[in-house]
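Peer 1: So TrEMBL lists these for the protein:
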| type | residues | note |
| --- | --- | --- |
| DOMAIN | B:235-291 | domain 'CBS' |
| TRANSMEM | B:317-337 | transmembrane segment |
| TRANSMEM | B:349-370 | transmembrane segment |
| TRANSMEM | B:391-413 | transmembrane segment |
| TRANSMEM | B:419-445 | transmembrane segment |
| TRANSMEM | B:457-479 | transmembrane segment |
């Protein structure tokens, strides 16, 4: 049974989460009882049960991979999360902190005193410290830096000097470097002396005496070639490498495209300073797609689903406020035509159809374009072609679906001219949606903004106000 | 200069794309001229220029990594795409076909004759053939299968027997297996005899004489341990492994969580049948997030941005039709209150604000929940808690922004009771949005559906109809 569990990490992960929640509930139930019952005898018994539950929970947690503990912490509301966090062995704190999301990490660190934080940080590598540092209290960071040796301190400083989305902020410093004038045999003996290789070591970095990168020796080649050969004969001379100020997303795409496991990071003069590994790139790919989804919906950042109400309100505030303004504008557009609506109240019932379908269609277009932009498929060369295609699709959809809804309007209100206005308005609004669906993300990119940012809110604003104006305007011109 | 380019693959990729487009344009310009000019002398000269351009383009393409050629093919409209495709050397066709997206692959295969397809497929491994097979003409697949040896044919059949989202469809069959009763020294000699190791070989698979997986020997351990030690002493006994019918997305999450490079796939009886590698998992993570974004917007599948108009129309058809029905329902809700609108036309102008903000807020909630579900953070244990939180956030936003818009309504129409109705309707509709934002994805999951599927269309339908009903209903009750 245990073997099967170990081989299906995902299934057992859900099981484990349930087990932890179950143990927590039993723990709380006992606490409630203890509070209610005042008799000394009862208290003793329940304390015992209570402690047994916690001990079992602790044992469960000790068996888990830090990434699994992190997952459980993220899926628990704040109170339960901190109960579990206090049960985790101190020496594992560091590993787990590195695995949780930023929002959850903040809640965990807030629960630790300086001494605990320092202990957790002691085991970390320079790049991990740099990850953590921005969220730590300033005096803790100071004390931490003091405790490092000069090289480590320099590395942390260097990693901290780059923006979050630059290669320099994601590189690590653990790598094996070799010279090119030795035999593979010597390399093999050297590795054996190291006792342990850094994670994701699929290649060794070949440098000269000044630390300039000359090539890479893949472990695969090291293993299959004659041990008497020299490194220089076997190594690849022109590996894919990155500069620390390169865009991290571009690096992630290169990892994906060329199926890399690790790659060297070099300074402008060719000096090797670190490496990127696939695990950091996978996290980045995941984060990138998350932030795309979130920003399309007008959410500012990843929200811990158990974040406090106040935090959630703040996260959603900005775009709701913008939406309020756009909705108000749409409302004023309708206000301009109040006279028409008073004369023909059917307009009020039909206008949201025009606006709604336009919004939906525009969202489809903008989603496509934002996707294609993220994949670097949209350049200056093909904008007009894309726009033309979207407009033709919109025209077809407008005539077909607009025709259907026009017929329905005729059926409901018995006016064929109302039906024609409906069809025309739908078609025009879908064309507007297509135009804006292409132009909004293109404009955002040209302004140096994220094309996904609130794009859904903006396109809906356009198709609402536009749809009302087109439909009510046509109706006023031709029906009244 | 070339060295710098090779070290910044991303920048040069954009450059390369521009270069290809540039060469294509020159090529077309010459073609245009050739068609227009009838004089023999001119034709000769232009044919020469023409051929020179194509030769230069071909040279450019030959230098590129198959993944880069694939990227260029995806970013080109159909005509240009096929021009470039014909220039690619035949022996590289297979590699490139495996890199492009399904939609683009279809357009390329449609341009090849059976003979070319067979030649391209000849170089492929069983798992690659299985990837390609569903898109090939049936008789080509038949001929292809005939040309394989029994083991390969069995592998292709096996890979084809699994669903697209199962581990079995993504595994490959190239791996190095060893026995546990030999010394590391022997393993090293064995590897050297292989001459080449499969890509992403970070571990060797230890099997017994029946092919049952007994453990894995990581290359790292192989390198740092004493060569005299036995495999059994050094190997890991209980590696993370998968069954071929496991969910591929769960496997990808396990790769992400445990930082895996490769992992064994075993049958229920423990027999090793293949392996998963990180490159397939990264592609899956990327695809998963793409399909999430697309399906939230009600797009059925990845759409090649240069897909034919007809294909695009079909892709967007289904959800537009659903949206038409929901919009019609909303319209009928308004229709119920036409009498009220006739008496107080301000209602027509104000009602889209209530509906619009509800839709936006509901989309924020549903995006959060769908995300959390994708990350396995939402289980049965915490639904009610989440719902409570979303409702409180909605209540606060409703009272605050509803209050603002109520005050504006009072300012515009001079009726404080209208303002109060507006505030109340906004608050109620935001509460409805929160409730539906949590319940819709939860219900979809319980029905075994993708929680992202058209969720944006559905929540908007709820908040539109609901918003109109609440606002017009309250207005009819209290204002008329």
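Backbone N, Cα and C atoms are what each Cβ position is placed from, and that goes for glycine too.
Annotations in TrEMBL come from automatic prediction, not curation.
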Peer 1: If we skip the immediate neighbours and take only residues 6+ beyond the ends of the transmembrane segment (B:419-445), which ones have a Cβ under 8 Å from one of its Cβ atoms?
Peer 2: 350, 353-355, 357-359, 361-366, 368-370, 373, 378, 383, 386-387, 390-391, 393-395, 397-399, 401-403, 405-407, 409-410, 451-453, 455, 458-459, 462-463, 466-467, 470-471, 474-475, 478-479
Peer 1: Which sequence positions outside the transmembrane segment (B:391-413), separated from its termini by at least 6 residues, show Cβ-Cβ distances below 8 Å to it?
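Peer 2: Sequence-remote neighbours of the transmembrane segment (B:391-413) are 346, 350, 353, 357, 361, 365, 419-420, 422-431, 433-435.
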Peer 1: List, by number or range, the same-chain residues at least 6 past the transmembrane segment (B:349-370) whose CB is under 8 A from its CB atoms?
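Peer 2: For the transmembrane segment (B:349-370), the list is 292, 296, 330, 334, 378, 386, 390, 394, 397, 401, 405, 409, 418, 422, 425-426, 429-430, 432-434, 436-438, 440-442, 451-452, 455-456, 459-460, 462-464, 466-468, 470-472.
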Peer 1: Sort the residues of the domain 'CBS' (B:235-291) into helix, strand and coil with DSSP and give the three counts.
Peer 2: 25 helix, 15 strand, 17 coil
Peer 1: If you average pLDDT over the domain 'CBS' (B:235-291), what do you get?
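Peer 2: The answer is 90, the mean pLDDT of the model over that range.
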